[in-house]
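Engineer: Right, I'll just put the structure down here and ask away after.
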């Protein structure tokens, strides 16, 4: 994508709903934790005379976003880093609070649509899958890891119940160097047929990508940052695309809004002892038929939003653990 093409409108999923939740105000400061092609940042900047600090660990996104920085002179700052490090950068800028944050979790359309990045099962390319284009690649991991470690990744992050079978097939097929090679091995190991409804390669690719990029750990850290920096009534809006991410976000928002629930519906609710940092979460929002017709990738998207309460942030306060849920026991 060239700098000129980057200026062309890019509409991320649930854009109207995200902007409605954020409700940008004049003079506000907003964080776009996952800049990508700049769709959310652009919409925030167009909605009101605001400032946006946008983060992306992918150097391609930062480089190609330079045209937006030029267009919105002095109002958009791009940072080549993970959104888990937002706090470090805000501290360096001496910014104490912000008016809103948006996180669009997972791989971007830009990354999927470029075969050379190795994220897609639809086009052949090198086994890469690194968002930051640094660190361990998918090729290095799959060709060197123990079979058990590969199986664990597929099971935990792809919820693949036949993960051991797939891992055995991957080890037997080494060396693997391309996305088509890997997809073929996965499909053959699970007896996939072209007319089957779901392609098992999709969630196995997802699992490997999540592992390599530490996506769930990054998500947990980013959510904690929002608690610290959002001002009273500031919005945290998070868009997720699969159940692992969504469960983490849902649990975080409920627990930090004081909704710890109860062990059984027949037992009384235990009074909440921890401070309440967020309002009661709104109902999750999903794409309507009009958006789905325009962008089929929005089908799995879920938006959750909460608003910061007046409770002061303190490092000394004990907080609920935003755990990564484990799936049921796998079969061989």
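Residue numbers in this text run from 1 along the chain shown.
Even glycines carry a Cβ here, placed using N, Cα and C.
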Engineer: Please state which member of 91, 104 Swiss-Prot lists alongside 38, 39, 40, 56, 83, 111 for binding S-adenosyl-L-methionine.
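Structural biologist: Looking at 91, 104, the one Swiss-Prot places in the S-adenosyl-L-methionine site next to 38, 39, 40, 56, 83, 111 is 104.
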Engineer: Among the binding-site residues listed here, 38, 39, whose Cβ has the fewest other Cβ atoms inside 10 Å?
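Structural biologist: Relative to the other binding-site residues in 38, 39, 39 has the fewest Cβ atoms within 10 Å.
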Engineer: Could you list the residues of the same chain, at least six apart in sequence, whose Cβ is under 8 A from the Cβ of residue 40 (S-adenosyl-L-methionine binding site)?
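Structural biologist: Within the chain, residue 40 (S-adenosyl-L-methionine binding site) has Cβ neighbours under 8 Å at 12, 15, 18, 19, 32, 102, 104.
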Engineer: Looking only at 83, 104, 111, which of these binding-site residues has the biggest number of Cβ atoms within 10 Å around its Cβ?
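Structural biologist: Per the Cβ count, the most surrounded site is 83.
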Engineer: Over all pairs within 38, 39, 40, 56, 83, 104, 111, the annotated S-adenosyl-L-methionine binders, what is the largest Cα to Cα distance, rounded to whole Å?
Structural biologist: 17
